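A quick write-up on the structure given underneath.
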C-alpha cells in the first residue's frame, strides 16, 4: 500500500511539473513575438487570450506523457526479467526479450492504422480519449502478469495507445493553435513524452517493475478527465459543416472577442484522384519519409534497450543511473528546442540535430569496433614491472574509467541532438505540412509507417548485437544521419511563422508563400 501511494504521488508531481513547463515555454514564445503583430480581434483591439488554449494543449499532451512512459518501459524491466532470480514463468531469453522490446512498436503501428479511421470518424479529441482504454488494460495485464503472454499482450496494448496518441495529438494541437504559438506548442508532445520517459527512469530506481506498470495507468486516466471539458478541433467541426460550433470553439480557445472569420473557411473532403496532385502527395511523402528516417536513426532501440546497451558498453556507472542521466539530458534538449523553434526555425534545428547525431553515432561506431585487449602475462623485465606496476595500475584504472564514460557521453550527445530537432520537429512538421482535408488519414499513415519501421529495427537490434556487437547497428545509424542531413537540405520547407493555410499554399502555388505577404502588405498600408 505504501508503494502504491508513493507511485501516485510521484506521478502527480511529474504532471504538475509538466503543466508548468508547457505553460512556461508557451508564454516564452508569446513574449518573443513581434510586438507590431496585428491583434486578432473584432474592432476592440484585444489580443488573443491563450490561457484556455494552454489548458487544452496540456490536457491532450498527457497522452504523450503516457506514450513516453510506456515506450521505455522495457528498459529497466528487461534486466530484471532476464536475471536468474526472475519468476521462471516470466524469465526471458534473447528471443523473448526481443519480442518484449519490439512488440510495442507493432502495437503502435496498429494504433496508427486505427487513428487513420478514428481521426475523421469520431474526431481528434475522442481519438485521444479512446487511447486510454488499451493503455489502462495493457498496464493492468503487465502489473498482474503471471505468464509471459500477459506481458506481451499488455506491452502490445500500450503500444496501440501510443500509436493512437502519436497520430492524433499533434494534429489536434496544430488545429487548435494559432501561428504565434504553434511552434512552441507543437513541441509540447515531445517535451511531455520526455517527461514520461524521465518519470519511468526515476521511478525504476526505487519501485519494483510491477508497480511501474500500475503507476503507468494514472496519466491516461487523468487525461480523459480533463479532455471531457475541452473543445473539439475547430477545423474538424468546419469539415463537418458545423460553423457555429467551430466559432464557439475558437472563441473558447482565443477569447470572446476573437474574430473567427480569420480562421473560418470552407473545407471539403479529399478524393483519391486529388491525392495524385502535387499539393497533396508532396507533403504526405515528405511527412512519411521524415517519420521513416526519424526511426532509422535508431532512437527507439536505443531508448528501449538503453540499460542493456550500457551494460554491454562497460559504462563505468550503473546502467540504471546512466539511463536516468540520459533522460534528464533529453528533457533539457527538448526544452531548448521549444525555446528556439520559432526563433531559429525548423530547418536550422534539423541541421544541428543531424550533425550532432552523426558525430555521436560515428564515435559510438568507432568505440564499439575497438575491443580492449585482455590482460597478458607478466613482462619479461621483472625489475621494470616491479618499479612501475603501481603507476601502471593507476594509469590503467584511469584509462578504463575515461573509456567507460565515452559511450555515456556519446549517447547523451545523440539524445541531445535528436531531441533538439528530429524528435519534436518531425511531430510538428507532420501536423503542419499535411493537407488540411487529408490530415486525419495522412497522420495515421505516417505513424503506421514510423512504427512498423521501429518494430523491424527494434526486433532486429537484439539479434544484431548478439551476433555482431554494437558496431553494425551503430554504423547503420551513422549512415542514416547523413541521409537526414541531405533530406533536410533538399526537401523540407521552412514553416516558421506561417499559418496552416499559408503552408498549404506553399505546395499549391509553385512553392511560394503568398498569403502572409499579402496580409503584411495590407497591414502596412
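Along the chain as shown, residues are numbered 1 onward.
For all residues, glycine too, the Cβ spot is worked out from N, Cα and C.
If you look up TrEMBL, you'll see 1-21 marked as signal peptide.
Annotation comment: TrEMBL describes 53-78 (among others) as transmembrane segment. Beyond the ends of the transmembrane segment (53-78), by six or more residues, the same chain brings 14-15, 18-19, 22-23, 26, 92, 97, 100-101, 104, 125, 128, 131-132, 135, 138-139, 142, 155, 158-159, 161-162, 165-166, 168-169, 172-173, 176-177, 181, 185, 188-197, 199-201, 204, 209, 212-213, 216, 219-220, 222-223, 226-227, 229-231, 253-254, 300, 303-308, 320, 323 to within a C-beta distance below 8 angstroms of the stretch.
If you look up TrEMBL, you'll see 56-496 marked as domain 'Major facilitator superfamily (MFS) profile'.
The feature transmembrane segment is assigned by TrEMBL to 98-118 (among others).
The transmembrane segment feature in TrEMBL is assigned to 148-172 (among others). Here the transmembrane segment (148-172) has long-range neighbours at 60-61, 63-64, 66-67, 70-71, 73-74, 81, 89-90, 92, 96, 99-100, 103-116, 118-119, 124-125, 127-128, 130-135, 137-142, 186, 189, 213, 216, 220, 233, 427-428, 430-431, 434, 439-440, 443-444, 446-448, 450-451, meaning same-chain residues at least 6 beyond its ends whose C-beta is under 8 angstroms from one of its own.
The annotation transmembrane segment is assigned in TrEMBL to 184-203 (among others).
Here TrEMBL flags 209-229 (among others) as transmembrane segment.
The transmembrane segment annotation in TrEMBL covers 348-367 (among others).
Taken from TrEMBL, the feature transmembrane segment covers 405-429 (among others).
Here TrEMBL flags 441-462 (among others) as transmembrane segment. Outside the transmembrane segment (441-462), and at least 6 residues removed from its termini, the chain residues within Cβ reach (under 8 Å) are 94, 97-99, 101-106, 108-109, 111-117, 119-120, 159, 163, 166-168, 170-171, 284, 287-288, 290-292, 294-296, 298, 300-301, 304-305, 430-431, 434-435, 473.
The transmembrane segment annotation in TrEMBL covers 468-490 (among others). Only residues 6 or more beyond the boundaries of the transmembrane segment (468-490), in the same chain, are considered here, and those with a CB under 8 A from a CB of the stretch are 289-290, 293, 296-298, 301, 309, 312-313, 347, 350-351, 353-355, 357-358, 361-362, 364-365, 368-369, 422, 461.
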Predicted model, mean pLDDT over the domain 'Major facilitator superfamily (MFS) profile' (56-496): 79
Close approaches to the transmembrane segment (348-367) from elsewhere in its chain (Cβ under 8 angstroms; 6 or more beyond its ends): 297-298, 313, 337, 340-341, 403, 406-407, 410-411, 413-414, 416-418, 420-423, 425, 470-471, 474-475, 477-478, 481-482, 484-485, 488-489, 492
